C-alpha cells in the first residue's frame, strides 16, 4: 500500500508515525513531570491534598537560606573526583585493548564484568568487603603488611565514607565507559590510520591527531554522564549506608527523596530538584565552553 | 619516538601489568562472596573471610535463601518486565534512529535535542511528579509501572543505532527503491536486520539495567508479591542482616543469571561496528 505512494509522501508518513509513540512517551514521562515539578516548586503541596497552596519563591528561599541543604553537595564531590579518574582509566584501557595485544578479548570481558552485576548485590558485596572487623579489604591489607590501614572503618568514617562508596561506583562502571570508548575507537575508519601510516605518523601522533579527536564527542558524552551521575548519586548510599554515619554519606538526591516521600514536603523537594537541574545545565554549559575552546581543531 | 619492533617491550610489560591489576581489583570482591557463600555459620565465624570453604558442595545457604525469601517470584517478575519492555523499546529505538539517520526534515534537530536534553533531567527527583502520573494511570503496584517508564528510547541507544546506520551504505536503500520497495519495507528488511549487532548489544545492556534497577520497583511496586530481584534482596538483607554467609549466597544467586547471560552473549557487545553488508 505504502509502495504506491511517492517517496516524498511516504517519508512524511514514516516520520510522523515512527516518531509519534516514542515522542508521546518522552513527553509523558520526562517533560510533563519536569513541568509539573516546576509548578510544585512554587507551592507547599504535601503530596496528597487536592489543594496545592501557591507560595511563590518561598521554597527556593528556604533552599538557599538553609546551609544544611547545600552541605550535602560536598558528599557528592567524591563521586565526581572518582568519575573523572574512572574516565581516564577507561580511555587508557580502551586504547590499549583496541591495539595489538594478546588476550585482549579476555581482558575486555573481565574488565566489563562488574557492570553486568546487580547493583544492590554489588552494594551488599562491598558492604562485606568494607566491613571493619571481618571485611576482606582489611584482611587483605593486613595480609600484604599494611596492618596500620587494616583497622580502617571504610564506611564509618566521616571524610572517607563517600570515597569508599564512590570507589564502588568506579569498580562497577569503569568497564562500561571502556566499552563505549572501544566502540567509538572501532568506529574510526581504518583507512585514516592506513593513510597516517603511509604518511609516516608514529603511534603517539596517531593517538593525538586521529584517535582522541575522533573520540571527542564520546568523551564529551561520557564526561557529561559522569558529572550528572555524580550530582545525582542515590542507589549506593541509599542501599549500603542509608546516608550514615549520621548523615555523612547522604547525597543531595537522597535528601530530595526524603523531603518528598518521608517528610511529605513535595513543594520544597520540587524546588530542590529544579535547582539540581540548573546545576546540571550550568556544569554542562561550562564543560562545552571549556572543551570547545580548548579543542585543537 | 620510533615505534619499538621488539617482541616484548617495556610498554607491553606495563600494559599487561596494568591489565592484571585491573582484573585483580575486579575479581577480588566476587571471590570473597563466592568463598563465603559455601561456608556454614560455624565455619564462617572461625575462618578468615578470604579462606576457601572446606566444601564447595555445601549448598545449605542457597537452599535457605530460596526457602526464606521470594526469590523465585522476584526472578519471574523481572523477567516479565524485561521481555515486554525490550520488545517495545527496540521497536521504538530503531524507528526513531531510522527516521533520524535516514531522513532530513525541519524538526530533526529538535527531536534529537529533545532526547539529549531528557538526559539532563534528574530522573530520580522527577519521580516526585511522575508518581502522580503513574497513580492516575492506575499503574501503581502493577508491573505496568516499570514497563511504561522503561520502554522509551534513550539518547545512548539512539546514538548507538545512528552510528550503525551511518555504516549501512545508502546504496542499499537506493537499490531497494529502484526495485520499488517502500520506505517501511526498507526499514523492516534492510535497516532493522542490519542493526542486529547494535540491537543485541542494547538487549544485553538494557536487560542488565532493568534487572539491576532498584528505585523504580522500590517506589512503584511495594506490594510483597511484586518484588523483583533487587527489592527481594533488600528485604532479605534487612531480615537476615549479620548472617553474611547467607547474604553472600543470596548475592551469588542474584549475580549468576547476568553473569551466565554475559558469557554467552558478550561477543555481541564487542562485535565490530562494521558488518560486511555490501557484497
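Any Cβ shown, glycine's included, is placed from N, Cα and C.
According to TrEMBL, the feature transmembrane segment maps to B:16-38, B:78-100, B:112-134, B:146-165, B:186-211, B:244-265. Taken from TrEMBL, the feature domain 'ABC transmembrane type-1' applies to B:75-265.
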Intrachain neighbours beyond the transmembrane segment (B:244-265), with Cβ under 8 angstroms and 6 or more residues off its ends: 30, 32-34, 36-37, 39-41, 44, 61-62, 64-66, 69, 71, 75, 200, 204, 207-208, 211, 229, 233, 236-237
Stretch of maximal Cβ-Cβ contact with the transmembrane segment (B:78-100) [cut-off: under 8 Å; candidates B:16-38, B:112-134, B:146-165, B:186-211]: B:146-165
For the transmembrane segment (B:186-211), sequence-distant contacts whose Cβ falls under 8 Å of one of its Cβ atoms, 6 or more beyond its ends: 78, 81-82, 85-86, 89-90, 93-95, 97-98, 102, 146, 150, 157, 160-161, 163-165, 168, 172-173, 176-177, 228-230, 257-258, 261-262, 265-266, 268-269, 271, 273, 275, 277
For the transmembrane segment (B:112-134), sequence-distant contacts whose Cβ falls under 8 Å of one of its Cβ atoms, 6 or more beyond its ends: 96, 100, 140, 145, 148-149, 153-155, 158, 215, 219-220
